[in-house]
């Protein structure tokens with residue numbers, strides 16, 4: 001047998017596969033595979049993406065193994081060369097004889113969970129894991145009108161950390177619009193350009209867990225000293241510091257030290273600084289020292305581009321009308337769009353269905369209409385402020401104007417009824433009030449609802465708007 005004749009060998013395999021799978025499955029998962037080389041009883045093939053690899057391993061591993069043995073010979077191995085997405089691990093090898101999960105190259109795992117760095121001694125730059133996700137970079141961040149400003153500012157920071165006026169850089173926007181992607185992209189680019197920089201990405205939740213552990217273990221000074229050695233600190237979901245006074249106080253000192261020593265800070269949040277309740281004023285002031293940039297929900301055109309990019313990276317093909325339909329009907333977040341693509345591919349594969357408009361409508365209808373969005377305090381504040389024609393910040397002031405007081409009390413009452421937050425938390429988020437103030441507000445609103453029909457109609461109107469948002 002001529003080992004270099006990889007094309008002939010793969011064509012033999014395709015003939016076997018054609019007889020064992022429906023045409024749609026063959027065209028989707030096997031036709032795009034390109035044979036590269038055959039040597040040492042190993043067939044190397046090129047596949048379009050990591051996603052492709054995962055589907056082949058999960059759904060077709062037995063078929064591939066049997067096909068290789070039948071068409072080429074017992075003990076034949078298959079090696080995948082993953083293409084398209086530059087962040088994928090190339091040359092993933094799967095020994096199909098031994099296990100459908102054994103790989104010759106083990107990807108470096110992205111550190112997550114509650115693993116904390118050692119605070120007793122700051123590791124050298126080369127030993128410090130930045131906790132960045134390499135799949136989030138500028139190359140695969142799709143730009144549109146809704147995120148153009150944030151993208152431009154982020155790139156400027158990455159090119160010259162702590163050397164621009166954008167320090168700190170505060171990125172905010174709804175869930176799933178790309179804040180975490182952009183924050184990671186900044187860190188990844190800085191590591192590429194400045195290998196000697198100590199870059200660290202950490203979620204606000206993990207920072208809080210680490211701080212609590214340091215208090216318990218009497219190592220708080222080590223915790224602070226470690227963070228003060230960082231050159232570029234990225235804190236994701238900073239709103240989670242709300243109401244946690246001691247964590248805020250510790251972060252305040254870390255922030256000051258880093259900023260005063262010419263280090264870059266990047267913060268993300270689901271809301272603008274002006275709407276961050278339960279946060280110390282001195283921190284809020286510092287959040288606004290540099291650049292505050294919003295990532296808005298993606299426009300229809302941007303959603304289409306995101307879908308095309310996702311489909312291309314995964315080595316898939318969707319009809320244009322399917323892409324248009326998804327983009328026009330799934331409008332909450334990028335994460336939702338990518339989830340729909342995966343759901344469509346899964347259903348297409350499992351049930352051997354063509355990817356067409358009917359399939360897309362079935363999937364989208366199930367996701368969009370069965371989704372019950374929880375009402376948040378932010379939702380309540382937006383609806384109440386709009387109803388009373390108030391600025392969003394007014395409700396958080398100490399104003400005793402009748403309309404402000406009434407709006408604040410109604411917001412507290414609705415938050416008590418529509419969310420799972422305690423009265424103390426509600427008070428922190430709405431005007432930074434205490435538990436007793438919230439109880440008094442709820443009692444006042446409830447009492448007025450019982451005797452005032454016009455007030456009752458007003459609250460019902462606000463509630464109906466809230467339910468529409470949900």
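Placed from the backbone N, Cα and C atoms, the Cβ positions cover glycine too.
Feature annotations, reproduced from Swiss-Prot:
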- 176, 178, 179, 180: ATP binding site (BINDING)
- 1-89: region 'Domain I, interacts with DnaA modulators' (REGION)
- 89-130: region 'Domain II' (REGION)
- 131-348: region 'Domain III, AAA+ region' (REGION)
- 349-470: region 'Domain IV, binds dsDNA' (REGION)
Would you list, in sequence order, the residues of this chain other than 176, 178, 179, 180 that have their CB within 8 A of the centroid of the site's CB atoms, where the site is the one recorded for ATP?
173, 175, 177, 181, 182, 268, 295, 333, 334, 335
Tally of DSSP helical, extended and coil residues in the region 'Domain IV, binds dsDNA' (349-470):
88 helix, 0 strand, 34 coil
For the region 'Domain I, interacts with DnaA modulators' (1-89), residues assigned helix / strand / coil by DSSP
42 helix, 18 strand, 29 coil
Select one residue from 176, 178: among these binding-site residues, choose the one with the most other Cβ atoms within 10 Å of its Cβ.
178
Quick one, of the binding-site residues 179, 180, which Cβ has the fewest other Cβ within 10 Å?
180
